[in-house]
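Listed features, source TrEMBL:
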- 31-72: domain 'Mur ligase central' (DOMAIN)
- 102-205: domain 'Mur ligase central' (DOMAIN)
- 271-395: domain 'Mur ligase C-terminal' (DOMAIN)
Amino acid sequence: MKKFLLDIIKSLIRRLAQKTIQKYDPGIIAITGSVGKTSTKMAIYSVLQGVRKVRVAHGNFNNEIGVPLTILGDWNESGGAWFWCKVIISSLWKLIIPSEYPEILILEYAIDRPGDMKYLLDIAKPQIGIITAIGDVPVHVEYFLNKDALVREKSRLIEYIPVHGFAILNADDSVVMNMKEHTRAHIMTFGFSEKSEVRITNFEHRYIDGKPVGVLFKLNYGGSFVPVRIDGIFSKAQIYACGAATAIGLMFGLNLVRIAENLQDYKAIRGRMNVVKGIKDTIILDDSYNAAPLAMWNAIQTLGEIKAKRRVAILGDMLEIGKYSLEVHEAIGERIAEYADYLITVGPRARFIGDSAIRHGLSEKKVVGFERAENAIEPVVDLIRKDDVILIKGSHSIGLERVVERISEVYNKTI
């Protein structure tokens, strides 16, 4: 019965969203990729807010329920029967009585299963599509025949963009760049490489009193450049989001100076490589929300780049990667052995990270594995020391946010 009612709701809000798009005809920017979707949508919002009337998808509103809800209103949560009654009634009212509506919708299209992209595109076809990054082993690949099938599914986003629209592609990701054969739209690229139209250069971390506080970099386009300083973000993955947002800003007539000013409002989202002040005067790189292989790789690179007396990595399972699981976890272990002074793994698959790290030179005495996040909490508290930089990352269901909460200074001031 519950599934039957949910299917009815999905069908209703899908149809209402389609009618709303037809009535108000907003510009639609859609984002997909294996990593960086949420960071990119928030960077775009930072660039465009104050310039146009914009609505951005809240949180994880990126699926067959979240996308229609974003189109229908500025909803930031879903709930029970009363909530759905409100959504349906207010949506019908807006279709009958002309109402104020955003000029631009910034939507995130998450692809978990075959057919997901077509479902979302049937609701809202964008004029601008962004592919953030895919990597060698995309998350959710276990639900597809193979990696190529998943890549093909994601590429449908730019296939549906009209000739006068834009496909914005990550120039540093060869899988993404190969997708350009699937679109008739204008192509604009971003990245660190010389072939990028919007190019990021001179990337470095900024420190105050030896503590990391943010990043510095330059945005280059058309022979001009502008320096950018953003506090509270640290990874190159977040800077890629700024590159994509810059491409959007240029399309909407903003110059580089204005874009750089607006990007100063860009903030990391909780659990997505945001920095938390930890107990014992430590720095926590909280990337605990989820863990695609490429995102894990990027997070470890960030840990290695930040100056620190000791680097502690707390890494959980990477899920939904199917037959690639052993290979990828072992590759991460080899990588983390280069950068971490201590490694704590959480989850049965993450043990392969620990075993591989030991084989590649990290002392067995400095590697500890736990099955569950709650079992790791007190050992982490005992391990960490003043001025440690601590990376925490794993798939969402592993629950590493509980470790973040326990060792964060804010949490400990409330107990």
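The backbone N, Cα and C atoms fix where each Cβ goes, glycine too.
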Outside the domain 'Mur ligase central' (31-72), six or more residues from its ends: residues with CB under 8 Å to it:
9-10, 13-14, 16-17, 20-21, 78, 87, 90-91, 94, 102-112, 116-117, 119-120, 123-124, 129-135, 138-140, 154, 157, 170, 176, 237-238, 240-242, 244-246, 248-249, 252, 254, 259, 262-263, 265-269, 272, 292, 294-295, 298
Which numbers of helix, strand and coil residues does DSSP report for the domain 'Mur ligase C-terminal' (271-395)?
58 helix, 31 strand, 36 coil
When secondary structure is assigned with DSSP, how many helix, strand and coil residues does the domain 'Mur ligase central' (102-205) contain?
33 helix, 28 strand, 43 coil
